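Presented below is the structure to which this report refers.
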Amino acid sequence: MGDAVMAEFGPAAPFLRKSDKERLEAQTRPFDMKKECFVPDPEVEYVKASVTSRDGDKVTVETEFGKTVTVKEVDCHPQNPPKFDKIEDMAMFTFLHEPAVLFNLKERYAAWMIYTYSGLFCVTVNPYKWLPVYNQEVVVAYRGKKRTEAPPHIFSISDNAYQYMLSDRENQSVLITGESGAGKTVNTKRVIQYFASIAAAPGGKKDPSQEKKGTLEDQIIQCNPALEAFGNAKTIRNDNSSRFGKFIRIHFGVSGKLSSADIETYLLEKSRVTYQLKAERDYHIFYQILSQRKPELLEMLLITNNPYDYSYISQGETQVASIDDRDELIATDEAFDVLGFTQEEKNSIYKLTGAIMHYGNMKFKQKQREEQAEADGTEDADKVAYLMGLNSADLIKGLCHPRVKVGNEWVTKGQNVQQVYYSIGALAKSVYEKMFLWMVVRINQSLDTKQPRQYFIGVLDIAGFEIFDFNTFEQLCINFTNEKLQQFFNHHMFVLEQEEYKKEGIEWEFIDFGMDLQACIELIEKPMGIMSILEEECMFPKASDATFKAKLYDNHLGKNPNFQKPRIVKGRPEAHFALVHYAGTVDYNISNWLVKNKDPLNETVVGLFQKSTLKLLGTLFANYAGAESADSGGKGKGGAKKKGSSFQTVSALHRENLNKLMTNLRSTHPHFVRCLIPNETKTPGAMENPLVMHQLRCNGVLEGIRICRKGFPNRILYGDFKQRYRILNPSAIPEGQFIDNKKGAEKLLGSLDIDHNQYKLGHTKVFFKAGLLGTLEEMRDDRLALIITGIQARARGILSRIEFQKIVERRDSLLVIQWNVRAFMGVKNWPWMKLYFKIKPLLKTAETEKEMANMKEEFTKLKEAYAKSEARKKELEEKMVSLLQEKNDLQLAVQSEQDNLADAEERCEGLIKSKIQFEAKVKELTERLEDEEEMNAELVAKKRKLEDECSELKKDIDDLELTLAKVEKEKHATENKVKNLTEEMAALDEIIAKLTKEKKALQEAHQQTLDDLQSEEDKVNTLTKAKAKLEQQVDDLEGSLEQEKKIRMDLERAKRKLEGDLKLTQENLMDLENDKQQMEERLKKKDFEISQLNSKIEDEQALEAQLQKKLKELQARIEELEEELEAERAARAKVEKQRADLSRELEEISERLEEAGGATAAQIEMNKKREAEFQKLRRDLEEATLQHEATASTLRKKHADSVSDLGEQIDNLQRVKQKLEKEKSELRLELDDVVSNMEQIVKAKANLEKMCRTLEDQMSEYRTKAEEGQRTINDFTMQKAKLQTENGELSRQLEEKDSLVSQLTRGKQSYTQQIEDLKRQLEEEVKAKNALAHAVQSARHDAELLREQYEEEQEAKAELQRSLSKANSEVAQWRTKYETDAIQRTEELEEAKKKLAQRLQDAEEAVEAVNAKCSSLEKTKHRLQNEIEDLMVDVERSNAAAAALDKKQRNFDKVLAEWKQKYEESQTELESAQKESRSLSTELFKLKNSYEESLDHLESMKRENKNLQEEISDLTEQLGESGKNIHELEKVRKQLEQEKQEIQTALEEAEGSLEHEEGKILRAQLEFNQVKADIERKLSEKDEEMEQAKRNQQRVVDTLQSSLESETRSRNEALRLKKKMEGDLNEMEIQLSQANRQASEAQKQLKGLHGHLKDAQLQLDDALRGNDDLKENIAIVERRNNLLQAELDELRSLVEQTERGRKLAEQELMDVSERVQLLHSQNTSLLNQKKKLEGDNTQLQTEVEEAVQECRNAEEKAKKAITDAAMMAEELKKEQDTSAHLERMKKNMEQTIKDLQHRLDEAEQIAMKGGKKQVQKLESRVRELESEVEMEQRKASDSVKGVRKYERRIKELTYQTEEDRKNLARLQDLVDKLQLKVKSYKRTAEEAEEQANSNLGKFRKLQHELDEAEERADIAESQVNKLRAKSRDSGSKKGADEE
């Protein structure tokens, strides 16, 4: 690439590559390869030199500085030829060694070429000056170029990553690494700049509302100024050092354009906020704000422009020469604008930054004579509080007197001055850190454009390796991160490369480049590593830096070569340990590491932050989880989890983030950029050789070049190679026949003229050494050039021949013309030719005339053809217009179809994705279930195996007992011989007794025992002098004393272990006491709620009595009006005959009226008088029809509005249903698996029986609700009878209104039919509700099964733990026994040890498996519990809504009976509406399944009710005008309206209270049934329970399946009914128009009636005075009528809403016809039942009075139950105290057992030679006592469980007494039974206490026996020793005699 090519780089060309002139000069300089070399130098590493002489392995050279030195030949490195000067890729060196790399970098750096390739990565040197190599011209020049086509540059690395991403479809990453100050941040900016430039999306119109907000590429670039202002600072080595790490992911779309970006940050150095070294300074933002570039900031933040006024930011330097803080502030502020920050957000950031500066100025002083701090002035505190939105007094109080939690209580703690200052610093650092992290999240929100993403390129910029004079916790985290990244680089560059060679079968010797950093990484992060020990120390409250250092030294000093003691250097801060990193050895100071790792905050001030008026500050600390939040969370469901998760250390968080980063990097193709520091003085152009060489060695640059040269850096698949390079020799691979790719590539390479040692053939790829692939590319380019040149030559030849042929043709034409001209010139003067010329024109005239005639004929023909063509053209144009119109229509239709198709495809894709996700979840759950089953089977097998081993061990015990019996016989023989020595052993017995007492007093054992042993040794010495014969015995005793010392040390260790156990037990006791206090608080709360509920019940009962009185009055008046209407029906018998379709219904009603005792005869006589009154009612009806039309229009609008809502609700219901079905299938599988396990089945059966009981109780509950509804119906029927009797008196006044009522009846009959249909709908809804409740109960049942399974697993876990502890104790016992008998049975002892070790390992594995399984089951249980609770909430809401609807249904039944009798004739006029309502009634069954829709319906009904009530009030005024004077009726109407409103409000309150009480009754019944099921569960048989459970499960499945099928069928039916209903709607509109015409006619009749009214005025006045009582009844009946009318209108709105639902559910109504027939039959049966119930209405009146009396009795019983519950609570508290006492006794007994066990072990060791039999007996007795203790423990635990169950039952009973009035009698019996159980528990506890006392007595007796056994053993041992001494003496005497 020459100067011409480099011209496109512009001014940057000299800084990227040498010019042609410089290269020529370098190549022509004189050079002697044999003499020119590099030699080592102690100061500058290497220097250039020239060889002067050689002497063996010594070489004498003259350096470039004129110095002559002699070096070894191996240290003399040859120089590369001149053509390699300033080479761009150092892998191309002929001589590759350290000095060649160093000097190449140095020479290129001197020429300002800072980028150099080194094998597969790029090396860059910090220039410490600005170079013009990053402008847009350079970006364009590098775009799309290969690495070899352009000089080295960061843009080239970026473009290669971009091109690899597009071609390989793989995520890329650019890792920019190096030490601090090497230029990583600048290169990161350049990479981002390059991507933003080449991959920018095409620009569009900018939104004017977001003028400041930039494009995505602008935002990506502007991230750096914002983050650098808050995250960069000046350090010793770098003026703009990044004090945090970041990983920037830039996402690209499919086409390679930018789509979005995001940033992850790591380890912000927050300690810099409050502390800096002298040569450093704080973060840039502080000094930018103080630069006065934006004076308004100083005023807003209440600060000055002098940084020395603020201690936090003035500890080091305050200005940096290379940074202009004024300009940087503007850049930061503009970056915020580009990133979309609002002004409020920017001001909040600046305020928090200013508050941190004021934090450092807050002053505190010590109070006199107290260690308490107080504020020394509040000026700075006031500024902090103002900026942070806090109260200044609260802030100072929180700092000086924070609240801390001690146990379960919060206390105020006093702080001294040092503690307050530390707290302020911690808060300032935390605020800054959280603000920085919030900024990152906010920036990510701006960069997230929601555009489609395909791939990403990640750019990593993380703090470099740091070695300072003072290195602390932050430096360890940074260096650990760089260690991991270097390991990743080594693994990628070296290990993976060489593993690739082996995998491909290439002959390769594995080269260890010495770069494995795993040892250092494991030292830091592995268990018992530095961070692990640090986290462990953070968990202990008494841990300190000294204990942390001691643990580090104990675990690693001398054991790990990477952990060393630091060297003491004068003038440097103290260091505590040193680590050997890849970049060098670093000394670390561990001061305050525990505090930094725990990162504690003042929670009182944090609470103030959370309540701050500054929105940003509250957001930063909203999720802070301290002690207070953990405590409040612990009271809820997930409290324990929150508390555990809140304690996350800084080191653990950093390791977690680092692991995520490494996972991201491993999933990408990395590109490495290694940054180097040239010098420590930041001097441009200067390079310090030792510093650079150190970085080259540490960064692996030299090793990378070496492996690149030695290995094969280029590799291509055989197929790709054959396809690309076949052109080099096509004949090598025959055309037209198949050949293997590998063989073809091998033949092709063999036929080429290349070095065949430069490539290797692998299994799938061909590998090339560096440079060979470039050679092949050049050969390919040459070959392509030849081929293309040949093609061009042929093309040019063809074109030339074509042109030549044209020239030849032109020449021939010219020759012909010339010949003709010559011939003409020769004959033109001939006479004949002249004559010919004269005659020739005359002959042409005749021919011309003929031609003209022919042309005229042709013209006429053409004219006719033209006319025809014009007509044809017009026709075609018209057709074309029509066709174009059709085409456009078709295009629009096609477009709509395409849109629909696209929508359908999107929905299909969404469904497929959801299906795949659900299938994956199902698969995952099944796999988890299978794993759990396998684990369970393994645990059972291990348990059986342990039992078998226990039986084997018991056999071994029996064998040992036999051997011990033999030894005991021998002991008896020796006891007779030892009697003479008992007196001499008395002193030794005293010694042993003292030692035994020392063992009992373990807390004084160490020092006291040493003193006693010293005194006893003195006594032994005196005894040895007095008794020479016992010298040998004394020696033995000394040995035993040494053994006692060992035993004492073991006892001390046991003591420490027991102390730890004691702490655990104390913590458990504290937990139990906390639980007890919580239970007491709950009991008190329940008592208070009981008292409140009782008062509410009394108020509601009084209100109920008042409402019942009002209801009776209203019902009496309604019955009067009903009787009046019945008389009218009798008068209209002729009309009924004309309507044959209604005759049967009228006959049924007439029969019902006769049974009710209606006086129809009297009513017939009064018909004439009612005709006039009916005329007035007709007018009212006409006005009502007008109002109904207006109402109908409003309802249609509401109909359209609610269609979308109903559709969404149906979709939600379908999703819920699918979720329930999926959960049902999962739970069903789990149930089948549980059935296979017989041990779990036994307990699951009990749970199933309990669920059966609950289902039966629910059924009984629904039956009671049905009975209540029937009783309510009877009440209303009885009241209807009363109204009928009163109606007889009013019948005389209604005779004149007969004709008007005939029209009213026709109008209202349709409403009657609607009510009937809606009644059927409500019945269907009740069925649906029952089905849903049944499904929920089945899900609850399955959840109970899983809960029971979880309890079983916990019990199994406890059993395994008990078996493990028992096995451990047996291991300890048998270990001591085998040690005593080791001489005789060494082999058996080894085998037993192996068995026991294997058993212990198996048991531990089993316990771990059980723990894992329990944790998974616990998670499953929590998940199912949450789901069941949600379902239960929905069911309770649905039940409440259903209860309200049931109540409405009963009201509708009464309305149905009333309006059927009043307005029968109106039915014929609205038959179409009946059909519509019937068709829509079935749809209501599905649309009312959800609770939310029920609430919407109720709310709409209430709103419509209010509107219609206003309309009805107008109707009541019109009805009153026909019967009396207008003025009097106006007064009466106002009074009646007031009464109506009062009664209506009273009715609404009564309905609300009744619904509330019904909900309470339902909940109480459910809890009562659960209690009952718990009591009766133990009495049922196990087989029947399982069968019942299976049947229930099958029923649930069947019902859900049938409901699913019915829904699918009902969807299809809706489509058929749609058209029918539209026709019906048209008919209704016609009928409404007819009604309007009738209304106008009625208006005319009304004018005529006004004259009649004046005449009848006097008569009506007399009638009114005589019938005052009747008038009141009429008014009340009218109000009731209005209410009913309002409810009918509400139902009409519901009908219209169902029509909207029908349109959305067109595919769910296939089975509507069958369901309608079923509901019709049910309706007829219900009508028959109603007839029967009407006969019982008189009986229900008496039952109401009895119910009132029962309520009073229930109140008395409830009060009694409350007192009983209080007594039971007191008894429960006593039982809890007793249980706690038993628990403490149990702990004491366990402690005593452990002490006795240790004493027993001592006795065994002391008496191992003489007292084996007694020890064996004592061991057997101890085992018996242990078994008894275990039994007692189980009994005690059972009693505790019983007490806890009793607690739960007491709570349930107390809750039930609050809400259940009707079941108080049964609850009282249940309480009595529970009291009996409490007494039994008391007796059990007393018995357990007695047994414990007896066990204590046994233990004391055992202790006494142990003491005796020890004494006997000592005596026996002394006798044996004496006998041995005598035997030795006698043996020596015999020997002397023989001599």
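Glycine is treated like the rest: Cβ placed from N, Cα and C.
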Region 'Actin-binding' per TrEMBL - which of 175-197, 658-680, 865-887, 1762-1784:
658-680
Look up region 'Disordered' in TrEMBL and report which of 1256-1312, 1883-1939 it refers to.
1883-1939
Sort out the sequence-distant neighbours of G181 (ATP binding site) for me: same chain, 6+ apart, CB within less than 8 Å of its CB, listed by position.
N126, T235, R237, N238, S241, G464, I677, K682
ATP site, defined by G178, E179, S180, G181, A182, G183, K184, T185: further same-chain residues with Cβ within 8 Å of the Cβ centre
N126, N238, S241, G464, C675, I677
Which number gives the other C-beta atoms within 10 angstroms of the C-beta of G183 (ATP binding site), all protein chains shown included?
25
Mean per-residue pLDDT in the domain 'Myosin N-terminal SH3-like' (32-81) works out to 89
Per DSSP, what is the residue count of the region 'Actin-binding' (658-680) in each of helix, strand and coil?
9 helix, 8 strand, 6 coil
Run through the domain 'Myosin N-terminal SH3-like' (32-81) and tell me, per DSSP, how many residues are helix, strand and coil.
3 helix, 30 strand, 17 coil
Of all the binding-site residues given, K184, T185, which residue's CB has the most CB neighbours within 10 A?
K184
Cβ-Cβ distance under 8 Å to E179 (ATP binding site), same chain, at least six residues away:
R237, G464, F465, E466, A583, C675, I677, Q695
